[in-house]
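According to TrEMBL, the transmembrane segment annotation covers 12-32, 44-65, 86-102, 108-128, 140-168, 180-204, 211-229, 265-286, 292-319, 340-357, 363-382.
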Amino acid sequence: MLLNTFAPPFRLVGGYFIVGILFLILSLFAFLKADFSAVTSFQTAGFLHIYFVGFVMSIIIGALYQLTSVILEKSFSTIRGAFTNLFVYALGILLMSAGMIFDKVGLLHAGGSLLFLSLLLFAVTYFASFVKNEKKSFAAFALLISSVFLIVGISLGFCLLMIFSGAFSMDFELTLHYHIYFVLGFVFFIVVGVASVLLPMFALAHDLKFTLSKASLAFYLLGGVLLYFGLNFALAAFLVAILCFVVEAFLILKKRVRKAYDYWNLNIFLSLASFVAFCVFSGLGLNDVAVFFLMFGFLYAFITAHLYKIVPFLIWYHYVAPFVGKTKVPLLDDMIVKRPTYIALSLNALALAAYAFGFAYGALALLFTSVLLVAFNMVHVFKFINFGVKNEG
C-alpha cells in the first residue's frame, strides 16, 4: 500500500525510467560493436555496461526508490542529493562506456570514477533504508541481500579500474568474476524479491509459498562459493537458480484468477520463453544468440511488462488520485494505448526469431521499432502529469 508519507517525488523515479529507456535505445547501436567470442574485450564490456547499468539498473534504481518504501512500509532513508546523483550516474555511464568502446583510457577512468561514486551514494542510502526495519517478509529479505551485493559489486568494479591503471595488484580474472557475480546478484535478488510482490498482485494469484523463489536465492548464494573453485560449477548453480525462478513465475501465472491474456502477461510469457531459449542456445555454444535472447528477450520483455503497470499507477497515484470525487478522472487502463503494446511485443518476438536465423541487422531494426513503440507509450503516460497540473490550476 502506498502512503503519501512514504512516496518519493515522481520526477526522481520517472527520471531514472527516462534514462533507462534512452540507454536501451543506445544499447542497440553498441550491440553492433560487441564480440561475444571475446567477452572481456573493451567493446563488449562497453555494450554490457550500457545495457545492464544504463538500462536495467536505471529502471531498477528508479523502481527501488518507490518499491522499497512499499515493501518496508517506511520511507526511503534519504533522497537528499538524489536528483544530482541521477545526472552524475548517467554521465558516468556515458563516459565510461565511450571509453571502453572507443578505447579512450581517460574517458574510462573519469566515467568509472563518477559511476562508482554515484552508485555508492545510492547503495549506501538503499542499505540504510533497512536499518531498524520491522517489516519481515521474503521480499524484504531479498532486497536487503541485494543492497549488500550492490555495495560489494561496485567496490569490486572500482578495484578492476585500479588494477587496470596499475594502482592495485590483484587477480584480475577472479576479481572480474566476482564483480559480475555481485552486480548480477543485485539484479537477480531484486527481480526475485520484487516479483514475489508484483507477479501475484498483477496476476491476481493467491495462496503462494514462494518455495522455488527461496531455493533460487539459495542456489545463487551457493554459486558464489563454487565460483572460487571453478567457473563451470558456479554456472551450473546459477542456471538452477534462474530455472527455479522461471518455474515459480510460470506457477504464479498458472494460478492467476483472471485468465485473459493482455500486454502484461504476454510480455511475461515471452520473457520466460526467451530464457528457456537462452539455456538451449547456451548449451549449443551459440553464445551471441544466447546473449541476445537473454538481454532483448528475457530482460527486455520482463521489464517492459512491469513498466506498463508501474508507470501508469505511479502517475495516477501522484497526479490523478487527489482529484477522485472532485472531477472525472481517467482510469489506469485508459493511460496505456493498447495497440502499440501488442505491436511492440510482436516485433520483439520477430526480432528474436530473426536473430536466431542469422538476420542480425533485421533483428536490430525490428527491436529498435519495438523500443520506440514502448517509448511512445511511456511518453503518452507521462502526459497525464498535465492532468494534475491543469486541475490544480
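Here the Cβ of each residue, glycine as well, is placed from N, Cα and C on the backbone.
Keep in mind that this is a model prediction, so the values were computed, not measured.
At the 8 Å Cβ threshold, with sequence separation of at least 6, the transmembrane segment (340-357) lacks contact with the transmembrane segment (140-168), having fewer than 3 such pairs. When Cβ-Cβ distances under 8 Å to the transmembrane segment (108-128) are tallied for each of 44-65, 140-168, 265-286, 363-382, the top count falls to 140-168. Scored on C-beta pairs under 8 angstroms, the neighbour of the transmembrane segment (292-319) with the top count among 44-65, 86-102, 180-204, 211-229 is 44-65. Ranked by number of Cβ pairs under 8 Å to the transmembrane segment (44-65), the listed stretches 86-102, 140-168, 180-204, 211-229 are led by 86-102. Remote same-chain residues near the transmembrane segment (140-168) are listed as 64, 68, 71-72, 108-109, 112-113, 116, 119-120, 122-124, 126-127, 129-130, 133, 175-176, 178-179, 181-183, 185-186, 189-190, 192-194, 196, 217 (criterion: CB distance under 8 Å, separation of at least six residues from the stretch ends). Counting Cβ pairs under 8 Å to the transmembrane segment (180-204), the stretch among 211-229, 265-286, 363-382 with the most such contacts is 211-229. Outside the transmembrane segment (211-229) by six or more residues, the chain places 138, 142, 145, 174, 177-178, 181, 185, 188-189, 192, 195-196, 235-238, 240-245, 247-248, 251 with a CB less than 8 A from a CB of the stretch.
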